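Down below is the structure, laid out as structure tokens.
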């Protein structure tokens, strides 16, 4: 396909050059018959160009689709295989022992009057929900706590657009028009709803050349996320675990290529510190090649124990995407000069070496519904109440316990 495109491009360039030559010939004083012949030649060249340019656009689109199917390279230490080949690199805490019959978050939420799936199903369809009462306060607390904690690490807070151009989604490594896509596309437009703040944050410096001295650029972004969850079904995905709309706090870093492995470790450490401070039992996994997705060079997932669901569930991931996204988004940086410019250097000439693509990394600080499942199920008491983890209490006005509503 690239050979065909190259040939078409060469033919287009040849015809453009001929058309320009004809146009130049017509500038002088000419015999009417000669001028008419040149007009006819120019018209024929224009018509030929239109057809070739249309073919070229079609070939370019096909080439772009083929290129999008090529994933990033893979870190040499990544386990090879499907999800089952992923390796546990760390485990924190242990499963809590209960001396009473435990409930899942759906039953707890019903008894505490925290959410309403039935009304949301009538209004919006399945996998939507209303949060009510203290659940609303708990969502706000989780978001504010996460932004507060991550900001202390030098991250700039952002609230992002939640509708973006399809081209930006594609450049970040997602395929909004593919079969079984997780992306909601807006009909008769070139826009999509975001599935993660990674996409609008990734695009914030699109087509830019950054100063090396400005790197790393670190953001912590709050947004709502929208996912089709195509193919997701079964008891393991019930309730809040897998939904079409949810709130999330995302971390994102633009950095120099030689520092991306270091920042990847920093991101997973931030995640682990956040969840450990809540008292959760979880394990960190080095995800296998078959579960990386197109953009990720390496990905660490965190799975927390959810006793009501009787399994571990993913609550976050941290990915190093190297220059996979930045090449498509056109995000470069200009290295600082190793030596001061000479006194006779030309004014206005850019100092430093040639521009290089930055590396991008992203990681979840808080996916609200998943953490809500963890908190409700892990910290339930025999009387049906929920003990609020201490770090969240200042963000809940000092509230320590969610208690069942008196009848």
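Glycine is treated like the rest: Cβ placed from N, Cα and C.
The domain 'Aminoacyl-transfer RNA synthetases class-II family profile' annotation in TrEMBL covers 104-389. Over the domain 'Aminoacyl-transfer RNA synthetases class-II family profile' (104-389) the predicted model carries a mean pLDDT of 92.
The L-serine binding site annotation in TrEMBL covers 196, 227, 250, 362.
Long-range neighbours of residue 315 (ATP binding site) (same chain, six or more residues apart, CB within less than 8 Å of its CB): 275, 280, 282, 302, 303, 304, 364, 367, 370, 371, 374. What TrEMBL lists as ATP binding site is 227, 228, 229, 243, 244, 245, 246, 314, 315, 316, 317.
Among the features that TrEMBL reports, region 'Disordered' is placed at 332-352.
Every protein chain considered, the tally of other Cβ atoms within 10 Å of the Cβ of residue 364 (site 'Important for serine binding') stands at 26. Annotation source TrEMBL lists site 'Important for serine binding' at 364.
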Subject >> Chain-mates of 196, 227, 250, 362 with C-beta within 8 Å of site centroid, L-serine >> reply: 194, 195, 197, 198, 199, 225, 248, 364
Original post:
Given the binding-site residues 196, 317, 362, and counting only Cβ atoms in the protein chains shown, which has the most within 10 Å of its Cβ?
Top reply: 362
Original post:
Which of the binding-site residues listed here (196, 227, 362) have a Cα atom within 10 Å of the Cα of residue 317 (ATP binding site)?
Top reply: 362
Subject >> Binding residues 227, 228, 229, 243, 244, 245, 246, 314, 315, 316, 317 (ATP) - maximum C-alpha distance in whole Å >> reply: 19
